[in-house]
Amino acid sequence: MNKWLDLILKIHVHPFLWIIAALGLLTGHMKALLCLLLIVLIHELGHAALAVFFSWRIKRVFLLPFGGTVEVEEHGNRPLKEEFAVIIAGPLQHIWLQFAAWMLAEVSVIHQHTFELFTFYNLSILFVNLLPIWPLDGGKLLFLLFSKQLPFQKAHRLNLKTSLCFCLLLGCWVLFVIPLQISAWVLFVFLAVSLFEEYRQRHYIHVRFLLERYYGKNRELEKLLPLTVKAEDKVYHVMAEFKRGCKHPIIIEKSGQKLSQLDENEVLHAYFADKRTNSSMEELLLPY
């Protein structure tokens, strides 16, 4: 029970949202604002509830004027199926919300105009969230797809590039189709800034992924995936090949012949504990 109470206490509202709420009250648009807030809140609680169920470490649930976000202390080492469930839990809330609104309209609890307004916001938020742009749900699902096929670092970089392409397409669509829609411009700017910040933090994000592997926190490895590397390969370049959901026995070859084999933890220990950041794999085999 305490973890659910803690979740409620972690809900934070952006100050700008309070300003929007005040303007909505003054201009008589409270019904639209309440519909929007309800949909956003339920959507984010869908993510958060599954995260709590899987014992993720939640920092806060942050509600913005045009959406929300669940900030977690997880760095890419949860099972892919588990993360998929947490991501998809948000969009799934829109299904029962729409059905509930339809039922209320059918029994005349809410007016038809209110139902149409709710439907517009519900579908708009759903479709926007499924755009393949980081940090939207669609962008996170795309990252999972890339992570299943590629090493974490390559998947993250490809996701940023793909998200940037779709973000630019979104910007062009806003510019040429709905240039007077302020909310669309706010969304575009938010996504552009989020992508820029994610790009700036890309090295730090990879290091956190590696650190979590090193300390073995919350890891449920699905399979062993050997990595064959050259003796002269640097430690950091080898770690750039680490994939999610896998533990890597590292086979070191020299002149086409197997020289030795290391566990990934030995490589991580050499990098983080021994600070052998510029060592080659062959040098790791020598006494330190």
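In case you wondered, yes, glycine gets a Cβ from its N, Cα and C as well.
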Among ASP137, ASP233, the candidate listed by Swiss-Prot alongside HIS43, HIS47 for Zn(2+) is ASP137
Swiss-Prot: matching membrane side for GLU82 and LEU284 | yes
Across the topological domain 'Mother cell cytoplasmic' (147-161), DSSP yields 13 helix, 0 strand, 2 coil
Going by C-beta under 8 A and a gap of 6 or more residues, the same-chain neighbours of GLU44 (active site) are VAL61, LEU63, GLY68, THR69, VAL70, GLY90
Same-chain residues at least 6 beyond the ends of the transmembrane segment (127-146) with CB under 8 Å of its CB atoms are 43, 67, 69, 80, 83-84, 87-88, 90-91, 154-156, 158-160, 162-163, 166-167, 170, 187, 191, 194-195, 198
Cβ density check for ASP137 (Zn(2+) binding site), other Cβ within 10 Å (all protein chains) comes to 22
Ordered by sequence, the long-range same-chain Cβ contacts of HIS47 (Zn(2+) binding site) under 8 Å (at least 6 apart) are VAL70, VAL86, ILE87, ALA89, GLY90
The topological domain 'Forespore intermembrane space' (106-126) resolves under DSSP into 16 helix, 0 strand, 5 coil
